[in-house]
Amino acid sequence: MISPFLVLAIGTCLTHSLVPEKEKDPKYWRDQAQQTLRNALKLQKLNTNVAKNIIMFLGDGMGVSTVTAARILKGQLHNNPGEETKLEMDEFPHVALSKTYNTNAQVPDSAGTATAYLCGVKANEGTVGVSAATQRSQCNTTRGNEVTSILRWAKDAGKSVGIVTTTRVNHATPSAAYAHSANRDWYSDNEMPPEALSQGCKDIAYQLMHNIKDIEVIMGGGRKYMFPKNSTDVEYELDDKARGTRLDSLNLIDVWRSFKPRHKHSHYVWNRTELLALSPYTVDYLLGLFEPGDMQYELNRNNVTDPSLSEMVEVAIKILAKNPKGFFLLVEGGRIDHGHHEGKAKQALHEAVEMDQAIGQAGTMTSLEDTLTVVTADHSHVFTFGGYTPRGNSIFGLAPTVSDTDKKPFTSILYGNGPGYKVVDGERENVSMVDYAHNNYQAQSAVPLRHETHGGEDVAVFAKGPMAHLLHGVHEQNYIPHVMAYAACIGANRDHCASASSAGAPPAGSLLSPLALLALSILF
């Protein structure tokens, strides 16, 4: 029960909080609601076009609390209170919830979830591109249990395909698009046990170059996994941790080049300057590896060597959009997850804001008429913010009152577990004695862990464009790629698609309705 003193203190604080003058007028809220209603009524006319293009944005670890906090941060970065701000994804007309559990895990990991939302099949924790018949780290359970992804389905349909991530390009999320591995951590053969190698399993970096040889765009980190063991990194020459890792002595950059037709323009780049110097409209294939491991956090990014996620997305779309059959692009804001694991909420939220900017960038380059855009997360985190903070309170700031138990202040942002658990002289650390606004401040947690954990609750799915209305309600996570494939007329489920040769076929770019399908079945 809240004490009367605390209620009085909170009430006083909220009374003096920032309330925009226009919000004091009831007409403001009524007009806003009526406009929202008019927008909702327009959705009764469904967009049933064929999706020429599909863009999937995956915020790794971007649970609902992260979305809300990122929205507030975005507004505060523009000198607004924050709560009223809209993220790009907030403007998407269709929203659903996704159940994230793995086949063997109540609280999932990023590998099993990636297999679900890319391959359409739920899988075990720690495995990518394989069914639940594959056991983690058991190479001999892989063969025959491989499952293909929507990236493969798009490529088989003649579309261009791309992967853009702020993690390693062979990390859990991107790897499910092209690899089949019993262990997400088999980045190169250096990380694989001898038994797995002897049984014929291949590392994920190797599979990136060999499984789907004509992926048009690959950008992210992970450079060291492409080069022979102990080879010097082009950027960090004195850093032993940046050296090549491969035991098979392969240079996978050379392998990548060797698979590209000589008459095509293929480019490998390792820094932002090289990337932005390209003329995307003349590039057929692009491999950009900007860090030995994961890319730097957005707050730490070197503007000379590392491109932003928005910049990579812009280049990727310019390259992919040249294909008259369209494209599939997977974009991962992967380091949202890493910031949370480290208890560094400021890093995580700035990563989310940058991904939102990339979503906006993609929106300006594509059309709702022919591009299905889906934004979602693989899982959540035990991240929260509360404490009865007043309107406009810094998202990284303190709650308005001290604890009524230990009499110490606390930040609005807290974690259920993680590295931020600190005891000083037998008591909870006094956060007023530390720089809680620092980029790398680790927010306090209830349970001490070296790495904060994922959360198990449902995550949001935002969608716009052709057939976006099929993402509604509460769905199993593996439903998502089936919707994207249906909208684009790729993959196995194409019976509904219009055909120019069909009698009475609708105009190109539309799908046959179930009623039209029934009529055609009667006629023929």
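Glycine too: its Cβ is placed from the backbone N, Cα and C atoms.
Listed in TrEMBL for this protein:
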type	residues	note
SIGNAL	1-17	signal peptide
BINDING	ASP60, ASP337, HIS341, ASP378, HIS379, HIS454	Zn(2+) binding site
BINDING	ASP60, HIS171, THR173, GLU332	Mg(2+) binding site
ACT_SITE	SER110	active site, phosphoserine intermediate
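Cβ neighbours of SER110 (active site, phosphoserine intermediate) (same chain, under 8 Å, six or more residues apart in sequence): ASP60, GLY61, HIS171, ALA172, THR173, ARG184, ASP337, ASP378, HIS379. Each residue contributes its Cα atom, and for GLU332 (Mg(2+) binding site) and HIS341 (Zn(2+) binding site) these two points are 17 Å apart.
Within 10 Å of the C-beta atom of HIS379 (Zn(2+) binding site) sit 28 other C-beta atoms, taking all shown protein chains into account. Within 8 A of the CB centroid of the Mg(2+) site residues ASP60, HIS171, THR173, GLU332, the other residues of that chain are LEU58, SER110, ALA114, THR165, THR166, THR167, ALA172, PRO174, GLY333, GLY334, ASP337, ASP378. A simple way to gauge crowding: the CB of ASP378 (Zn(2+) binding site) has 31 other CB atoms within 10 angstroms, across all the protein chains here. For HIS454 (Zn(2+) binding site), the same-chain residues that are 6 or more apart in sequence and have a Cβ closer than 8 Å to its Cβ are GLY61, VAL107, PRO108, ASP109, HIS379, SER380, HIS381, VAL382. Taking a C-beta cut-off of under 8 Å and a sequence gap of six or more, HIS341 (Zn(2+) binding site) has these contacts in its own chain: GLY61, HIS381, GLY418, HIS451, GLU452.
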